[in-house]
Amino acid sequence: MRIKIGVLGLQGAIREHIWALEKTGAEVTVVKTVEHLEGLDGLVLPGGESTTMRRLLDKYELFEPVKAFAQQHPVFGTCAGLILMAQHIEGQKGPHLGLMDIDVRRNAFGRQVASFEAELAIQHVTEAEDFIGVFIRAPYILSVGPEVEVLATYADKIVAARQGPFLTCAFHPELTEDYRMHQYFYEMVKDYKEKQSVAKA
Amino acid sequence: MAQVGTERVKRGMAEMQKGGVIMDVVNAEQAKIAEDAGAVAVMALERVPSDIRAAGGVARMADPRIVEEVMNAVSIPVMAKARIGHIVEARVLEAMGVDYIDESEVLTPADERFHLDKKSFTVPFVCGCRNIGEAARRIGEGASMLRTKGEPGTGNIVEAVSHLRLVQSQIRKITSMSEDELMTEAKEHGAPYEILLQIKKEGRLPVVNFAAGGVATPADAALMMELGADGVFVGSGIFKSDNPSKFAKAIVEATTHYQDYALIAELSKDLGTAMKGIEISTLDASQRMQDRSQ
């Protein structure tokens, strides 16, 4: 089964996600306009500046289509993507896409001088504490709803989570050559597609 | 154990800015306009380059009060400029927690011979370059991001175009060279061999390269993206225009959708007067900021 995954291509670390996803065996395209969503099995919301991405989503009438796409397909958001996916953002009125029942804090680890990398253990993804998490002005998840599974923590802060077809992390797996997080998302997309085609049959 | 200030963390920060616009601002109010327009970062300054050019004299790091005011006003990253080779200005900005330092030829150099040892800092640096030699030397010193020098504060894109084209063609040349020719190439450019080897292997610079120095219109920003820039710095262009907010939004959108020409036409309508601009040949050698460092 051919799996086609799109990367929201408005701003940020787009090509790194493309390289990582290609390693998983997926066919990868960049999503800049509504038409680009057609035929995709999953979508990645990359790291970048969340305020910039939101503005561009609104401006090009991508916001509602992406939200509608997410009702029927898996989505993976990293860093700024996590902010876009959260239902509650500290100090901000209302969410962006609001896909996941998580409460998040922006730039939670501090400014750039506090940005860091650290080894993480990630549920379903790693077998040991050996995934390099690159945290850049990163957010973290303050709390999660009952349907959300916490996948990873760092210094007692939640930094990766999954809720059904939605996967998110506060760090940047696209900035390392460790593709396990992308592979995990690829498997999520594949399972989801298989289940849908079974349901249709 | 968490490690701060690693190469990956510093270069990664610049990767997150790709496809975006970084705007020069001189106060909190301008910073907010930039953030609302969709800027990915702001550069906090005391004066924009065209005013620095007009004022003459020695241009230094901005008053920390201005930098602090801008940092408090916005949630996007804040950059600030330090003079070339001015270790203490850079350390002061780092201590204040700015997100990125521009070791910039727009300010009067503090050291005519040596740039900063940027590897020894936790904060990442961006530096200007006109050719692959300058680019590779700055990367060798630890710059995590590059930008074309252009000719700042002129509103004239010609120098930025020539710098970006030259760097791109030199990368293409290096990529196609045989490995045994690289050492001589490195010698001729005064470039670290290891950096050229890395460029050859990857077919690109190991850090992002933005356009800067003369971007005055949405079409200018789109042109630089078309030529292969990873993003755009806009200095004097925005807040020297008649309607900064509209202008800023137009530049952001033109940068994202740089190949959507009908859109750029729409964006460019009724923007009012762009900054007047300076023809490069009218600048005498002492006024050329790009020549201040190599």
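Keep in mind that glycine also has a Cβ here, set from the backbone N, Cα and C atoms.
Cross-referencing A:R105, A:R106 against the L-glutamine binding annotation in TrEMBL, which names A:G48, A:E49, A:S50, A:I136, A:R137, picks out A:R106. Reported as a whole number, the C-alpha separation between A:C79 (active site, nucleophile) and A:H172 (active site, charge relay system) equals 7 Å.
Of all Cβ atoms in the shown protein chains, 29 besides its own fall within 10 Å of the Cβ of A:H172 (active site, charge relay system).
Checking each of the binding-site residues A:G48, A:E49, A:S50, A:I136, A:R137 against A:H172 (active site, charge relay system) by C-alpha distance, the shortest gap belongs to A:I136.
Taking Cβ-Cβ distances under 8 Å and a sequence gap of 6 or more within the same chain, the neighbours of A:E174 (active site, charge relay system) are A:A13, A:E16, A:H17, A:W19, A:A20, A:P46, A:G47, A:T78, A:H182. A:I136 (L-glutamine binding site) falls within neither a helix nor a strand when secondary structure is assigned with DSSP, and so counts as coil. Neighbours of A:R137 (L-glutamine binding site), defined as other CB atoms within 10 A of its CB across all chains, total 26. Under the DSSP three-state reduction, A:S50 (L-glutamine binding site) is assigned to helix.
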